[in-house]
Structure formats: C-alpha cells, structure tokens
Amino acid sequence: MQMKYLSTAFYVTAAFVLVITVWQLVIFIGDYPEALLPSPLMVFYGIITLIQDGTLFEHVRVSLFRFFTGYLSAVVVAIALGLVLGRMTKLWRVFEPIVQVLRPVAPVAWSPFIVLWFGIGNMPAIVIIFIAAFFPVLLSTVSAVKKIDKTYLKLAQNLEIKEMSLLYKIIFPAAFPFIANGLHIAVGTAWIFLVAGEMIGAQSGLGYLIVDSRNALDLDLVLAGIIFIGVLGLLLDKAVGLFEKWVGKQWGVQSN
C-alpha cells in the first residue's frame, strides 16, 4: 500500500514538473512577454496574493455552495424520477422524446431566460448546474433500472413487497453501480457549466474571478483561476468516487 502511494506521488510530481517545464519552454522559445503569457513563477505569486488577501477562499466558497446546491438537487430529483420512469415503461416512452430533445441543449443557452426569471446572483448559476447535472443522472438511472435482473423483481412480487420498499431496498441498490456512471458524468458537466454560469450573471465565484481578472488584464490571476477550477474539479470527482464506495458498502453492492 505504501509503495502504491509512493508510486502515485512520483507520477503526479513528474506530471507537474513536465507541465511547468513545457510551459516555461513555450515562453522562452516563443519569446512571449509576461503580459501575454505569464510565467509559472508569476502565476504562483498571483496565487499567493489571492490566498493572502482572502479573495481566493471567498470565490471558492461561493462556487462550491452553488455547485453543491445545484448538483445535489439535480441528483435527488433525477434519481427519484428515474427510478419511477424506469419502472413505468409506457410513461417513459412519452417523456423520452422530450428528454432527448432537451438533453443536447447546452444549459447556458437558457441563460437569457434564467437571468430574466431569477435575476442575478446565486440562482442563475444554481439553475444552470441543475440542468447540466439532471439529464446524465436521469438517463443513467432509467437505463440502470431497465437492466435489473427480472428474477429479483419476480421474487419481490411473490413476497408481496410494496412498491416503495421495492424501489428503496431492491431496485436502487441493484441499479446504483450503473447510476454511479451518471453521477461521475454529471460532476464534470455541472462543474464546467458552473464556471460558464458565473461568467454570465454572477458577481463572485471562480468564473467571475477569471472574467474580472481578464478585464483588468491580470492574466496571471486568470491562469490561477483556471488552475483552481481544474484542481477542484478533480477533487469533486474523487469525492463522488468515495461516495460510490461508501454507498456500495452500505448496500452491499460494488460500483463499476
């Protein structure tokens, strides 16, 4: 186990060094001024500045609040609806064309209406995140319910298990390994569109930090914001993986 952690740390460090080296070489070979492409050291100082004045933590806090509010709301609604629609095949046939038409539409395309209906602030970003996370989780849940071994369902019917208990005790645990794929996809799409949403109608958050820094021509802070968006996105994806394992342990199932 210790060797595994050491090996992982080695490869992460090597990747980090490689990125920094290539970044610096591009600046050197292309002879780019720091005003056009900030150096790694300049970006590092920018990160330190954001940490020292508390700006970074405030933007991160706001972004995470919006993300978790929108993402968790979408997950709860999508899983509940997906379990029902997965069981009610005829009803799903009615809703599926509507879902398939709306699913490819980028959430930011709804931003003119969202801003008009919800104003500026937290709600537009939260609604955009909700839309971005909803469809992947809904579709994976419906698909997962349809893949459940019919033997389990017949056994439950023979035992006269009520529908709510069937959904909670049998269908959800059996479907969760497949639902987990949707949760992972939803994390990525929701995080991407969170940043896009904050660039449109917010006055805080990491997306706003990037836009505000760009307007002030502080490109070192723009890159600092991009780095933190990537790091937080990775951590959120890992958090979903840990949640999968925890739920799988509770239900006695294994995720994919």
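Including glycine, each Cβ sits where the backbone N, Cα and C put it.
In TrEMBL, annotation is done automatically, which means it is predicted and not curated.
What you see is a predicted model, and the numbers here were worked out from it, not measured in a lab.
Copied from TrEMBL, the annotated features are:
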type: DOMAIN; residues: 60-240; note: domain 'ABC transmembrane type-1'
type: TRANSMEM; residues: 6-28; note: transmembrane segment
type: TRANSMEM; residues: 64-86; note: transmembrane segment
type: TRANSMEM; residues: 98-120; note: transmembrane segment
type: TRANSMEM; residues: 126-145; note: transmembrane segment
type: TRANSMEM; residues: 166-185; note: transmembrane segment
type: TRANSMEM; residues: 217-236; note: transmembrane segment
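When each of the listed stretches 6-28, 64-86, 98-120, 166-185, 217-236 is scored by C-beta pairs under 8 angstroms to the transmembrane segment (126-145), 64-86 comes out highest.
Cβ atoms under 8 Å from those of the transmembrane segment (98-120) belong to residues 127-129, 131-132, 135, 138-139, 193, 196-197, 200-203 of the same chain, restricted to positions at least 6 beyond its ends.
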